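Heads up, the thing below is written out as structure tokens.
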Amino acid sequence: MGNQEVLGQAARLASSGLLLQVLFRLITFVLNAFILRFLSKEIVGVVNVRVPLGVFWSLFLGWIWLQLLEVPDPNVVPHYATGVVLFGLSAVVELLGEPFWVLAQAHMFVKLKVIAESLSVILKSVLTAFLVLWLPHWGLYIFSLAQLFYTTVLVLCYVIYFTRLLGSPESTKLQTLPVSRITDLLPNITRNGAFINWKEAKLTWSFFKQSFLKQILTEGERYVMTFLNVLNFGDQGVYDIVNNLGSLVARLIFQPIEESFYIFFAKVLERGKDATLQKQEDVAVAAAVLESLLKLALLAGLTITVFGFAYSQLALDIYGGAMLSSGSGPVLLRSYCLYVLLLAINGVTECFTFAAMSKEEVDRYNFVMLALSSSFLVLSYLLTRWCGSVGFILANCFNMGIRITQSLCFIHRYYRRSPHRPLASLRLSPVLLGTFALSGGVTAVSEVFLCCEQGWPARLAHIAVGAFCLGATLGTAFLTETKLIHFLRTQLGVPRRTDKMT
């Protein structure tokens with residue numbers, strides 16, 4: 001498979017993932033706005049902050065959740081113990097489908113991913129809305145049963161697809177698949193009689209440690225909330241709602257790009273090999289793609305940061321009413337807008353870094369992640385004690401800044417001896433920077449005079465000002481960033497002939 005074909009499939013996977021994320025987040029956005037009208041913020045806090053940690057740990061330390069941690073008031077959050085058990089069971093079900101998901105992701109089975117995840121999310125949302133509307137007294141039963149139903153449907157979609165695919169005559173044409181029957185995905189004895197391939201086991205262990213540390217870094221604030229009780233359940237619920245709303249665009253745009261182009265970089269580049277020792281065509285293509293992705297991430301992140309500051313309070317007021325817009329919610333969301341900028345850059349830099357690193361470099365990076373994990377947890381606790389829930393976001397910004405620095409250093413070293421300079425894309429033209437600054441100032445003044453206590457006519461005027469400034473900013477970017485526009489047109493806007501299975 002040539003570089004351009006791999007790039008085309010990666011771009012197609014990213015665009016399909018983007019559409020899928022739009023569907024997911026739109027459904028979740030509407031569902032959460034619906035749920036907030038029927039359930040207390042305490043239940044939302046328990047479901048979205050504490051219980052998901054039970055999914056990760058319940059198979060090993062489930063008794064902690066039920067015996068040692070503070071148990072919510074049964075009158076406010078009923079059926080807590082059963083909910084934890086059901087969330088843990090859903091984790092087991094989801095792990096059973098993980099080999100099928102990895103196989104589909106590695107071979108870019110786009111249609112399978114879109115259908116399986118869309119169907120499971122839609123059915124989960126319908127079930128949740130039905131239970132909230134008709135049986136709100138069920139409490140955590142609602143969310144735990146919906147989660148178990150979601151994972152079951154998702155895994156069944158993958159299992160049924162691969163069972164039919166591998167059992168059909170067409171499977172003989174798919175020479176690239178590493179398996180020929182479903183049982184190949186189960187544990188088995190290798191040809192030399194060994195039960196474990198130690199070379200693959202060591203690489204798997206390296207990535208497991210990396211994933212474990214990333215879990216601490218990405219979910220660390222939830223552990224601090226849960227174990228140290230720095231926020232009550234109501235404040236945890238507000239924080240989680242703002243967190244989900246703030247990360248909405250980040251997950252819509254950046255996550256599909258990161259997942260898809262990690263596969264592209266891993267296929268084009270040879271892991272652990274210096275850039276000067278690889279095919280220069282491959283190195284050049286990877287550098288051009290990395291440059292465009294960094295520019296896209298920077299522009300998207302800056303747009304969210306600049307316009308998010310002036311429209312956070314209005315967004316929260318529309319979404320959740322006074323419960324979200326009158327307290328610490330607007331400050332949280334404004335802080336999160338800055339964090340989104342760092343998230344955007346980190347997603348691109350890390351997807352390249354992890355695809356190009358050798359096993360030894362991954363292990364060294366894990367030590368850095370370990371130090372980051374420890375400092376992040378301590379910093380989260382201290383900043384939260386000092387400035388409330390905003391401290392979690394500030395700690396995340398610090399953590400993300402260090403990770404970006406590590407990745408940028410690796411990319412600089414990787415291309416140091418080559419003529420390519422992908423990191424130059426992090427410099428914007430003065431005209432575009434001036435447009436961002438002017439738009440930020442105009443929308444900030446608009447918020448002071450038009451939002452959010454002046455009624456809907458003033459709010460609509462505030463939105464119109466933002467729309468005008470956004471249009472001016474995007475127009476300036478279109479005129480100044482011609483290289484990025486060309487990349488987007490050629491890779492995302494032109495239909496391609498692809499294999500039927502993708």
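Placement of Cβ uses the backbone N, Cα and C atoms for every residue, glycine included.
Values in this document were obtained by computation on a predicted structure and should not be read as measured data.
Now, the feature entries from TrEMBL:
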type     : residues : note
TRANSMEM : 18-39    : transmembrane segment
TRANSMEM : 51-68    : transmembrane segment
TRANSMEM : 80-102   : transmembrane segment
TRANSMEM : 114-135  : transmembrane segment
TRANSMEM : 141-163  : transmembrane segment
TRANSMEM : 296-316  : transmembrane segment
TRANSMEM : 336-355  : transmembrane segment
TRANSMEM : 367-384  : transmembrane segment
TRANSMEM : 390-411  : transmembrane segment
TRANSMEM : 431-450  : transmembrane segment
TRANSMEM : 456-479  : transmembrane segment
| said: When you look at the transmembrane segment (336-355) alongside the transmembrane segment (390-411), do they share 3+ Cβ pairs under 8 Å, ignoring any pair fewer than 6 residues apart in sequence? | reply: yes
| message | Are there residues at least six beyond either end of the transmembrane segment (336-355) with Cβ under 8 Å to its Cβ atoms? List them, or say none. | response | 210, 242-243, 246-247, 249-250, 253-255, 257-259, 261-262, 265-266, 269, 271, 286, 290, 293-294, 296-298, 300-302, 304-305, 308-309, 312, 362, 365, 393, 396-397, 400-401, 403-404, 406-408, 410-411, 426
| query | Quick one: do the transmembrane segment (80-102) and the transmembrane segment (141-163) reach 3+ CB pairs under 8 Å, ignoring pairs fewer than 6 apart in sequence? | reply | yes
| query | Is the transmembrane segment (456-479) close to the transmembrane segment (431-450), in the sense of at least 3 CB pairs under 8 angstroms with a sequence gap of 6 or more? | reply | yes
| Under an 8 Å Cβ to Cβ limit, what residues of the same chain, 6 or more beyond the ends of the transmembrane segment (141-163), are close to it? | 47, 51, 78-79, 82-87, 89-91, 93-94, 96-97, 100-101, 103-104, 112, 115-117, 119-121, 123-124, 127-128, 131-132, 135, 182
| query | Apart from its near flanks, which chain residues at least 6 from the ends of the transmembrane segment (456-479) lie with a Cβ under 8 angstroms of it? | reply | 299, 303, 306-307, 310-311, 314, 431-432, 435-436, 438-439, 442-443, 446-447, 449-450, 485
